[in-house]
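Working notes, beginning with the structure itself.
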Amino acid sequence: MGVDVKRFLVVMLLLRICEYAAASTFPLALRNCSDHCGNVSVPYPFGIGKGCYKNKWFEIVCKSSSDQQPILLLPRIRRAVTSFNLGDPFSISVYNKFYIQSPLKHSGCPNRDGYSSSSLNLKGSPFFISENNKFTAVGCNNKAFMNVTGLQIVGCETTCGNEIRSYKGANTSCVGYKCCQMTIPPLLQLQVFDATVEKLEPNKQGCQVAFLTQFTLSGSLFTPPELMEYSEYTTIELEWRLDLSYMTSKRVLCKGNTFFEDSYQCSCHNGYEGNPYIPGGCQDIDECRDPHLNKCGKRKCVNVLGSYRCEKTWPAILSGTLSSGLLLLIFGMWLLCKANRKRKVAKQKRKFFQRNGGLLLQQQTSFLHGSVNRTKVFSSNDLENATDRFNASRILGQGGQGTVYKGMLEDGMIVAVKKSKALKEENLEEFINEIILLSQINHRNVVKILGCCLETEVPILVYEFIPNRNLFDHLHNPSEDFPMSWEVRLCIACEVADALSYLHSAVSIPIYHRDVKSTNILLDEKHRAKVSDFGISRSVAIDDTHLTTIVQGTIGYVDPEYLQSNHFTGKSDVYSFGVLLIELLTGEKPVSLLRRQEVRMLGAYFLEAMRNDRLHEILDARIKEECDREEVLAVAKLARRCLSLNSEHRPTMRDVFIELDRMQSKRKGTQSQAQNGEEHAHIQIAMPESMSLSYSSPNIVVENSSFSLDTKPLMPHKTQ
């Protein structure tokens, strides 16, 4: 058993010695002084022999022993030295540590009764106990304390109970099972140490051991606690301090000690190695002698005092020049390609602008001399930024004419951006005329067009944004936030009639919408109706009575007479409005496969109910109870007149508006504005004098679709 203990101590000493036994070329001791005692290097301020140490506290006595390995003694503290910390020459490490033997404190150990003292007193010396040491207790039933001048500053307990033994790592580390370790509180710089051991349970016998050591007893350094009662010594790490303020130089770095005045701990600066306590003891490290000491790689290493530098060789310089030139060439080509791509994009935008009638728009707006609102022309970049590059998440709706996106302009204004699908070149002139005409319309119930963009392949229109969905959604997908009462429906019908009447008769050039339906009636934040989507709307010369165009519109709303004759008149919009009135009355969709084939169209379904006096049966259940029956009957009769197969028997939009306005005014207890003769102001839409409108008369073309008759519109064109 004693042999095993000796082997353990030898292993610990060899580990400490090997850590700092690397061969060094710098002087450790003063000139003509021995720097070794056996295999242990002895650095200054320690020394062997008179005149070789700083003062008496650092005197080393090299004493021969029977096992042929000399013992290093510090006579002033009566302790044996095991090794010195020579520091790391390649980092600023403080060069002020050494290691001594210290006896263990035993209690209740029959084999070690003669070794019961573990006290250490360093008062008056330049030495103090390093905070790297750990207070250690070994044995069963042990309660140990570290004492400093009568005060217990650290303690721990050990037991052999099964509850701790089952803990993972209990047999290979000091966690309380037969062994425990505690760190010393930092910054104390203790010079006095003693240990006290007690029994946890007085009635139980056992051997208790306590000591101070710089080793952490775990892993490969773990010693079974049973062996520690046979141990005599362990090693303690000590540090020293000296008044060396005069030593600081470019090669030596000394830092003051917080607790001891005029006390310093020194080290060599980075790039130097040696003993900082010897004048001239820090010498330059030649980093170029070993590739591992520098980072020059293939470059030439040149040693300088305290450091090194890397110089490029001619091949390296040539390689670097070629690499830099290649990078500059690549960067230049990238800039050239970027500029060329930018030039192509700008050229393409100019091409689209001219092809889409941009020059014509500029020419026509110049004729107006600022007498009317000019059409704002947006750049493609403006609208890309406004719509986040036409992100799919910004889509408000899609239809036969194109896709509508929600956007925000630079000034914070929210707009609706309509990206059309296609436009024929022969219709561009008429398209520009329509933009100018529609941009001058200013009516509270008409969605205002704010401008356009002609730099894209297909022109883009910008409208005011209407936030509160369309009438179709409110009728067929109702929400509790906005109930569609009869009063609201009558108000919406009156507002839509007002807008269409304005377009038909209150402007100098009548405009036919040609696609009146509930999805094209938007509701703003105040639930005011706004007529939108003029994608297929057309203006007509004041002396003309109709347009002759390709048949377009939405099934369920299209005038049957228009389908047969290709002639679109203001009465065709009246027919579509009549279907809209029925939609408001019944809450039914304009086309439904759930109805019989002959009444799938809402108009036919309504007329059949009127003939059979079943109007009350088809009314929307949401308005049956609260509506005024006389008002409902009056609106139903007005809708029947609007659906007359002979357009001459239909009322004009002006007549429809007067009738609805009278009903609404009567409901509010006021006199109708229309009855009082307060007509719409006749708005003069300015057009260039050189422009007149005429229309071609193509054959009927109807799309093969069960729900839509959307086709490309025939635009009015300039006469020669």
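Placement of Cβ uses the backbone N, Cα and C atoms for every residue, glycine included.
As annotated by Swiss-Prot, signal peptide applies to 1-23, with the evidence given as sequence analysis.
Mean predicted confidence for the topological domain 'Extracellular' (24-315): the pLDDT average there is 83. Annotation comment: Swiss-Prot describes 24-315 as topological domain 'Extracellular', evidence class sequence analysis.
According to Swiss-Prot, the region 'Atypical EGF-like' annotation covers 252-310. DSSP places the residues of the region 'Atypical EGF-like' (252-310) in helix, strand and coil in these numbers: 6 helix, 25 strand, 28 coil.
Per Swiss-Prot, active site, proton acceptor is recorded for ASP515. Of all Cβ atoms in the shown protein chains, 26 besides its own fall within 10 Å of the Cβ of ASP515 (active site, proton acceptor).
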